[in-house]
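Engineer: Below you'll find the structure I mean.
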Amino acid sequence: MSEITPEVVESHGLSSEEYDVILKALGREPNLVELGIFSVMWSEHCSYKSSRLHLKKLPTEAPWVICGPGENAGVIDIGDGHAAIFKMESHNHPSYIEPYQGAATGVGGILRDVFTMGARPVANANALRFGRPEHPKMKHLVQGVVAGIGGYGNCVGVPTVCGETNFHPAYDGNILVNAMTVGVADTDKIFYSAATGVGNPIVYVGSKTGRDGIHGATMASTDFEEDSDAKRPTVQVGDPFTEKLLIEACLELMATDAIVAIQDMGAAGLTSSSVEMATNGKTGIRLDMDKVPCREEGMTPYEMMLSESQERMLMVLKPGKEEMAAEIFKKWELDFAVIGEVTDTQRMVLEFGGEVVCDIPLGPLADEAPLYDRPTISLEEYKAWAKIAPITDAPDSADPGADLLKLMASPNLASRAWIAEQYDSQVGADTLQTGGDAGVVRVHGTKKALAISTDCTPRYCYADPYEGGKQAIAEAYRNLCAVGARPLAVTNCLNFANPQRPEIMTQLVEALRGMGDACRMLDFPIVSGNVSLYNESKATGGGSAILPTPAIGGVGIIDDYERMMTMGFKNAGDTIYLVGPEFWATPDPTRSHLGKSLWLDVVHGRDEGRTPPTDLVVERNAGKIIHELIDDGLVNAVHDVSDGGLAVALAEMALSGGTGADVEQNSEYTAAQWWFGEDQGRYVVTVPDTEALNEALSKGTENAETAQIGFRRIGTVGGDGLLGVSLADLREAHASFFREWMEV
């Protein structure tokens, strides 16, 4: 065994203070295997040591929540004996180093988190952030990431139904790749990770262990340096065909009564899976490392425990079920090996070559791992540090039609068809909607459908992390409501920079506070998630810290998919209404919000102003009203108003439906305020029968919840243009960015 020097400790990402804690926990010096295990289990990626204190404050419970944070994925009851199981995970650092494999294995990992719990995956989604398109590496990164996501998801046979892709200079040196999977299971056939039953066999299944991905979790818990190419060996290599076999083999075994517990080997591989299973079961674990299936000669216990080779699972089986399970995995041409047993010691003991090479108490590895309450500053101090001030000289729009064309052609609003065409969105034959406010997939064999949305506005989060956190949750809620779904629960991926900087820690704490307030008001609990910190880069040409990016994945249920709503204009002559805060019906121009708007940035080159506030009461009430209008058949199209404001929402509806609209500006607002302000809590709806709508609204006026929601007639569906611009020109502008960028 190698000598443990201060340099070796530092190379494992451990501080001298943390090493002292290890010495105290063991009562001796660790060997290299033990040091490696501590290093990955105490990494930010596995231990959440900088965020755990604050994550505990999030709302995680509701009558329909079956399992919240702490397991492989969140589980919610969707009725009729079915559960939705879902989670979002990051694969940021690997995707910058090796974009295809980084993104592909991100998809593979999140798929395993979901089917580990007994669900058949039914939909994938993603949230991607890239740097400036003109950055010399960015086209390569975009092409690789998109190909990796598509290549893996398509081969496994799970449709990618929604996602978001944004560009900003803050991601020049540190892109974000967040992947989400949703699965469906029977509520009485959900599998958990707690290893119980002393003497029960521990079984390794899937692919063989190689040297790829060693210290991937540690690498994902530090800032980037300039030598990213040297870190390629820490990026895992995925095989989607093996993953497909693994899904089918696991689901087949799950149909029997053989499994006691199951866990995928994700970050930190065999180490984290075994530690988590024993910790959750309040037991111990003994592994015979000689029995671990390896694909390379001479692998050491250190390498086996820290490898992040893909497509592997760890199980605890009932005694006597090994032979039957082995036959199933043999049929699917996958490795199967009994490598250990559950003990009552609450210790991790590893044996190799007839010797004990690791003997660690589980407490210090998991529940007793370091926990940091890192320094923060006040929100007002933060805004002063970030130089956030209100706009005092907001410009107007001299030609809203011309400005709309610029916006629709800009990287952050341009058509994502180039991306979507690389994803198979229809495999499985249950996809009902893509490219709308939310992706929608049928719950196979039922009338129900799941709606899925991914949302976050990082520029809002930078200017005001609290309001940005609220808005991210609220927009996910709006997007689900807009397709006719009842929002049920949230998963998240919290992407932030170095938490040891008080300003960055403030971003994280305030964003979580905003998210928590929004989830409580909207009855929209958080059931799973992931934290990715140290998203900073010293890479040549890169920026420093990313924008705070708490990516939100929302899931809702549509009880009858025939009532699903889409955004496209349908019928000429339908009346168009703007629905939202009542001050839009009784104008108050002082409340129109151009700060941090895309219009101000794209048209005027000004990334300025404050984040638009999110009124959570308005969000809740407007969502309920939209849901009722859809259920009652009173609207033909619904779309939420977000990036780019009202004009962009109308343009997206026109392009989706293939017909224009005649719309009017409220003269009490400037053209910029009316068409491009990004006030929150708003929807655009089209109504075929205004009398029926008015009758429904008149009945609703007695309901206090409708009192703060205004309806304003703004135009009529029809024609072949919008704001003086032809649909043909709008479509060309919208399609131009990716086509021209990728052809160069």
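Even glycines carry a Cβ here, placed using N, Cα and C.
Per Swiss-Prot, the feature active site maps to His45. Residues or ranges marked as ATP binding site in Swiss-Prot: Tyr48, Lys87, Asn492, Gly529. For Glu89, Asn530, the entry in Swiss-Prot reads Mg(2+) 1 binding site, with the evidence type sequence analysis. Taken from Swiss-Prot, the feature substrate binding site covers Ser90, His91, Asn92, His93, Arg112, Gln236, Glu308, Ser309, Gln310, Ser532. Per Swiss-Prot, the feature active site, proton acceptor maps to His91; the stated evidence is sequence analysis. What Swiss-Prot records for Asp113, Asp264 is Mg(2+) 2 binding site.
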Engineer: Rounded to a whole number, how many Å is the Cα of the residue listed as 'active site, proton acceptor' away from the Cα of Tyr48 (ATP binding site)?
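Structural biologist: If we compare the Cα positions of the residue listed as 'active site, proton acceptor' and Tyr48 (ATP binding site), the gap is 16 Å.
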Engineer: Sort the recorded positions His45, Tyr48, Asp113, Asn492, Asn530 by C-alpha distance from Ser90 (substrate binding site) and give me just the closest.
Structural biologist: Asn530
Engineer: If you measure from the CA of Asn492 (ATP binding site) out to 10 Å, which recorded positions from the list His45, Glu89, Asp113, Gln310 are inside that radius?
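Structural biologist: So the list is Glu89.
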Engineer: Which whole-number value in Å describes the distance between the Cα atoms of Gln310 (substrate binding site) and Asp264 (Mg(2+) 2 binding site)?
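Structural biologist: Spelling it out, the Cα of Gln310 (substrate binding site) and the Cα of Asp264 (Mg(2+) 2 binding site) are 9 Å apart.
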Engineer: About how far apart, in whole Å, are the alpha carbons (Cα) of Arg112 (substrate binding site) and Asp264 (Mg(2+) 2 binding site)?
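Structural biologist: That separation, Cα to Cα, works out to 6 Å.
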Engineer: Sequence order is fine: just name those recorded positions in His45, Asp264, Glu308, Asn530 with a Cα within 10 angstroms of Lys87 (ATP binding site).
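Structural biologist: Near Lys87 (ATP binding site) by Cα: Asn530.
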Engineer: What's the CA to CA span in angstrom from the residue listed as 'active site' over to Asp113 (Mg(2+) 2 binding site)?
Structural biologist: 15
Engineer: Quick check: of the binding-site residues listed here (Tyr48, Asn92, Asp113, Asp264, Glu308), which one has the Cα closest to that of Asn530 (Mg(2+) 1 binding site)?
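Structural biologist: The smallest Cα gap between Asn530 (Mg(2+) 1 binding site) and any of the binding-site residues is with Tyr48.
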Engineer: Among Tyr48, Lys87, Asn492, Gly529, the annotated ATP contacts, find the widest CA pair distance and round it to a whole Å.
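Structural biologist: This binding site's residues have a maximal Cα-Cα distance of 16 Å.
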